[in-house]
Amino acid sequence: MGAPTQIPIETSPLAWLDAVERQRRDAGLRRSLRPRPPVGTELDLASNDYLGLSQHPDVIEGGVQALRIWGAGATGSRLVTGDTELHQQLEAELAEYVGAAAGLLFSSGYTANLGAVVGLSGPGSLLVSDAYSHASLVDACRLSRARVVVTPHRDVAAVDAALASRDEQRAMVITDSVFSADGTLAPLRELLAACRRHRALLVIDEAHGLGVRGGGRGLLHELGLAGAPDVVLTTTLSKALGSQGGAVLGPAAVRAHLIDAARPFIFDTGLAPAAVGAARAALGVLKAEQWRPDAVLQNARELADICDVPETPQSAVVSVLLGDPEVALAAAAACLDAGVKVGCFRPPTVPAGTSRLRLTARASLSPDEMELARRVLTDVLLGPAAARR
């Protein structure tokens with residue numbers, strides 16, 4: 001046989017990426033990866049490790065013990081070989097903690113949202129989603145094949161109107177409990193009332209509420225609505241619990257249905273045992289050390305005061321609005337140069353004109369660390385502060 005014929009490529013099918021890259025660069029919207037060292041030298045005000053549990057010795061030991069007993073990987077789908085007693089123990093303990101009847105673990109909070117929304121909807125359904133819902137909820141709506149209505153942020157009247165005018169037999173309202181970009185709270189009580197007026201299911205992403213609101217049990221529990229039969233919670237194990245993975249929590253019938261119907265559960269490898277063991281240990285620490293959620297909120301209030309943010313934080317998130325993405329990038333870089341790492345949110349994560357520094361408070365911040373934050377943030381924001389007002 002002769003050498004294979006070489007077919008010349010007139011134009012690369014990926015040539016369009018060059019133009020897109022230039023557009024992103026010119027708009028200040030390029031992203032990059034920056035590996036962190038095992039032990040950081042900067043003050044961390046960017047991670048979602050709200051309770052400081054990712055480095056807690058009990059949490060690390062929980063992961064190590066699970067690794068020794070069950071091995072490095074789950075070895076398969078939960079429906080084949082990837083299920084362990086550890087998975088089911090954590091599901092039961094998480095559900096009990098937030099006041100739900102049952103729980104189901106997923107490999108991430110992202111896949112938990114995909115599994116819950118897509119698995120509980122489909123053609124002939126209506127999904128009503130807040131405009132600021134997390135990207136995983138947005139993608140779940142897109143994959144659902146349901147009709148989707150996106151309502152203005154925290155607008156209960158718009159939700160009510162969308163539900164009232166529907167023709168679909170089934171309807172679902174979708175919201176974060178704590179919105180990730182600005183830390184505001186969803187009007188859960190009012191949303192649930194609207195759902196009940198129109199026979200709709202309420203799906204709440206408690207990723208930023210678990211471990212912080214309601215003494216750690218989440219915003220729904222704080223409002224006295226835990227265990228409602230027409231509410232499904234999703235959450236992540238990667239924020240307050242300092243591990244990795246996600247969960248859907250709600251009625252037992254929902255768990256049973258998702259085992260049969262949630263594609264991100266059926267066709268994904270089960271959550272690694274070490275992540276399950278670490279999350280289970282973190283939940284134990286959260287139950288035992290009840291000061292941690294209050295400390296997060298107190299530190300968030302202090303950070304907001306430092307940054308002259310007028311609104312009192314309702315979560316671990318403190319949002320410092322700067323507007324221009326280049327200004328936000330420069331401010332974040334200046335903070336890092338001075339020893340403080342902060343988040344920087346730009347479009348498309350947030351709407352155009354609302355680029356911001358996103359600070360996340362942690363329960364374990366010391367007085368010396370708070371003083372460093374005060375000094376650096378005050379210095380850095382002296383310039384950009386005028387631009388954001």
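Each residue, glycine too, has its Cβ placed from N, Cα and C.
Classification of Arg31 (substrate binding site) by DSSP places it in coil, neither helical nor stranded. Residue density at Arg31 (substrate binding site): 8 other Cβ atoms are found within 10 A of its Cβ, drawing on all protein chains shown. Residues or ranges marked as substrate binding site by Swiss-Prot on the basis of similarity to another entry: Arg31, His134, Thr349.
Cβ contacts within 10 Å of Glu206 (pyridoxal 5'-phosphate binding site), excluding its own Cβ and spanning all protein chains shown: 29. Taken from Swiss-Prot, the feature pyridoxal 5'-phosphate binding site applies to Gly109, Tyr110, Ser180, Asp205, Glu206, Ala207, His208, Thr236, Leu237, Ser238, Lys239, supported by similarity to another entry.
What Swiss-Prot records for Lys239 is N6-(pyridoxal phosphate)lysine, and it gives similarity to another entry as the kind of evidence. Secondary structure at Lys239 (pyridoxal 5'-phosphate binding site), as computed by DSSP, is coil. Around Lys239 (pyridoxal 5'-phosphate binding site), the same-chain residues six or more apart in sequence whose CB sits under 8 Å from its CB are Asn48, Asp49, Tyr50, Ala207, His208, Leu210, Gly211, listed in sequence order.
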- Shell of the pyridoxal 5'-phosphate site beyond Gly109, Tyr110, Ser180, Asp205, Glu206, Ala207, His208, Thr236, Leu237, Ser238, Lys239, same chain only (C-beta within 8 angstroms of their C-beta centre): Asn48, His134, Leu210, Thr234, Thr235, Gly246
- Please find, for Gly109, Tyr110, Ser180, Asp205, Glu206, Ala207, His208, Thr236, Leu237, Ser238, Lys239 as listed binding pyridoxal 5'-phosphate, the greatest distance between any two Cα atoms, in Å. 15
- Message: Using a 10 Å radius around its CB, how many other CB atoms surround Ser180 (pyridoxal 5'-phosphate binding site)?
- Response: 24
- Which binding-site residues from the set Ser180, Glu206, Leu237 come within 10 angstroms of His134 (substrate binding site), judged by C-alpha positions? Ser180
- Compute all pairwise C-alpha distances among Arg31, His134, Thr349, the residues listed as binding substrate, and give the largest one in whole angstrom. 19
- Query: Cβ distance under 8 Å to Thr349 (substrate binding site), same chain, sequence separation 6 or more: which residues?
  - Reply: Ala135, Ala181
